[in-house]
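Undergrad: Dumping the structure here so I can ask a few things about it.
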Amino acid sequence: MTSVPLLSMNLPRHVAIIMDGNGRWAQARDLPRIEGHRRGVTTVRTVTEMASELKLDALTLYCLSSENWKRPQAELDFLMHLLQQYLVEERRTIRDQNMRLRFIGRRDRLSDEVLKEIAKTQAVSENNTGTELVLAVDYGGRDELTRMTRQLAQQVRDGERSIDEITESLVDESLDTAGLPDVDLMIRTGGDIRISNYLLWQISYAELYFTPKCWPEFERDDFQAALDEFAGRQRRFGGLNVGA
């Protein structure tokens, strides 16, 4: 297994991952789709451990999109059970690895049981100072921007602020990800080359990395390869390279 060079790399502060390909991985092995999701939890453990070792500021994982509610109810029920199980089983690890848990997305469609486990894990990790582990559950970029717009519009209507106060900084502070650095590197597994309504505001200047590997087979070396690719890219943010 390749060791992780902690000091020799230009590391991203914030990595966001679209964990795609669980179902395809399972179907290719004549397994039920839910077995792909179950195996995917092992990969979650792998990348969170590595993010903690590297002392990344934040790791955001796309667990359930706001569009995923269109899936069969049995699969959705299993995903919710898997999330609960993960939070219970990994609570101590998250705490001991000095990680902080954060949840982004809607809460009104999640069960009380899921919300309770999220709250418990947030509580035991809230004073930690290491990597922030952000779980995007019932999350969609358009939904987030719509909720933020309504919130600011309500504040203007109620006289709490003026239109002139609405700036990029205020928008940033009003999103689910308030206080987090913008995404530097977005990784998508599973072979599809699209962003799927994920962190639309936050990935404005992110480097995008797509791999054909499905999420259950994404390993430490694969994460390292994405980080190596990021380290070799020139990030211009609309400007020019020095000497260009």
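Cβ atoms here come from the backbone N, Cα and C positions, even for glycine.
Copied straight from Swiss-Prot:
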type: ACT_SITE; residues: D20; note: active site
type: ACT_SITE; residues: N68; note: active site, proton acceptor
type: BINDING; residues: D20, E207; note: Mg(2+) binding site
type: BINDING; residues: 21-25, R33, H37, 65-67, W69, R71, R188, 194-196; note: substrate binding site
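Just tell me what is around each of these and how deep it sits.
TA: DSSP classifies D20 (active site) as coil under the three-state reduction.
Classification of N68 (active site, proton acceptor) by DSSP places it within a helix. Long-range Cβ contacts of N68 (active site, proton acceptor) within its own chain (separation 6+, distance under 8 Å): L76, L79.
Listed in sequence order, R188, T189, G190, G191, D192, S196, C214, W215 are the same-chain residues at least 6 apart in sequence whose CB falls under 8 Å from the CB of D20 (active site).
Summarising the environment of I195 (substrate binding site), the number of other Cβ atoms within 10 Å of its Cβ, over all protein chains shown, is 16.
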Undergrad: Does DSSP put I195 (substrate binding site) in a helix, in a strand, or in coil?
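TA: DSSP call for I195 (substrate binding site): coil, neither helix nor strand.
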Undergrad: If you draw a 10 Å sphere on the Cβ of W69 (substrate binding site), how many other Cβ atoms land inside?
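TA: Other Cβ atoms found within 10 Å: 11.
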Undergrad: So for R188 (substrate binding site), how many other CB atoms are inside 10 Å of its CB?
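TA: Cβ-Cβ neighbours of R188 (substrate binding site) within 10 Å number 23.
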Undergrad: Can you grab the distance from S66 (substrate binding site) over to E207 (Mg(2+) binding site)? Cα atoms, rounded to a whole Å.
TA: 24
Undergrad: How many neighbouring Cβ atoms, not counting its own, are there within 10 Å of the Cβ of H37 (substrate binding site)?
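TA: A 10 Å sphere around the Cβ of H37 (substrate binding site) contains 22 other Cβ atoms.
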